[in-house]
Amino acid sequence: GSGGGSAAGTLPPLLGDGGKRLPQAIIIGVKKGGTRALLEFLRVHPDVRAVGAEPHFFDRNYERGLAWYRDLMPRTLEGQITMEKTPSYFVTKEAPARISSMSKGTKLIVVVRDPVTRAISDYTQTLSKKPDIPTFESLTFKNRTTGLIDTSWSAIQIGIYAKHLENWLLYFPIGQILFVSGERLISDPAGELGRVQDFLGLKRIITDKHFYFNKTKGFPCLKKAEGSSKPHCLGKTKGRTHPDIDQEVVQRLRDFYRPFNMKFYQMTGQDFGWD
């Protein structure tokens, strides 16, 4: 069947089946939350077709237009879901309006993780690329003596989930956004994937039979990767060892995030147990 989510005449019509469609579901966040794991796990499902690389359409490439974006998508058959993930969308001011104008019905998925460990993970990633950056401690505080936290540092900023979510709720009903626990994605991948499959209206095909826990990595891995018979763990950039951060700094950050976390639990109706 043809027909995309777009108004007639905006884009060339789709050819029967095996055409490229605009995504009906997008993993919009968050950086270092577990978005790559979620996408790789989801791709095991025969009815999920996803873009491998992050398109960054709604934040960096929007001027290229929807036809360019659609062309990046894999071909799908009737009944298959087209997906992409770009974790920076969640914190991009313009993204909600832009996605909404593509299709008000787009399903959104946010993988969230304890903001403190997320910030440390974010810093760890930067450190692996630029070993000479300042310490985590010095970047955290505007002023170490007063203990004032620098909320302009993106590693801190991203974890203020309640604030970013407010922006999305101006354009999307809360029921159209699924919040996946980054922690549970590791401790119970099949359970979280069950929620995701239900949300996407897919049969629950991905179950605990698909996973084994890799003790070395501290991660669940797939017994068989998509389109392969070999077991598959995420790449070596995943599950990096975090540097030791002064406990007092960690505590200070926990206190800082607490009210925002509580508000986020209220907004989503989910307690993520971060405190």
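In case you wondered, yes, glycine gets a Cβ from its N, Cα and C as well.
What TrEMBL says about a protein is an automatic prediction, not a curated fact.
Here is what TrEMBL records for this protein:
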type	residues	note
ACT_SITE	K32	active site, for sulfotransferase activity
BINDING	K32, G33, G34, T35, R36, R113, S121, K238, G239, R240, T241, H242	3'-phosphoadenylyl sulfate binding site
DISULFID	C221-C233	disulfide bond
DOMAIN	23-258	domain 'Sulfotransferase'
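Listed recorded positions near K32 (active site, for sulfotransferase activity): S121 (candidates S121, C221, C233, T241; Cα-Cα distance within 10 Å).
Residues within less than 8 Å, Cβ to Cβ, of R36 (3'-phosphoadenylyl sulfate binding site) and separated from it by at least 6 positions along the same chain comprise K85, L234, K238. Counted over every protein chain shown, other Cβ atoms within 10 Å are most numerous around S121 among the binding-site residues S121, T241.
Here C221 (disulfide bond) is positioned 12 angstrom away from G239 (3'-phosphoadenylyl sulfate binding site), judged by their C-alpha atoms.
For the 3'-phosphoadenylyl sulfate site listed in the record, the two most distant Cα atoms among K32, G33, G34, T35, R36, R113, S121, K238, G239, R240, T241, H242 lie 18 Å apart.
Of all the binding-site residues listed here (G34, G239), the one with the fewest other CB atoms within 10 A of its own CB is G239. Averaged over the domain 'Sulfotransferase' (23-258), the predicted model has a pLDDT of 96. The two recorded residues S121 (3'-phosphoadenylyl sulfate binding site) and C233 (disulfide bond) have their Cα atoms spaced 19 Å from each other.
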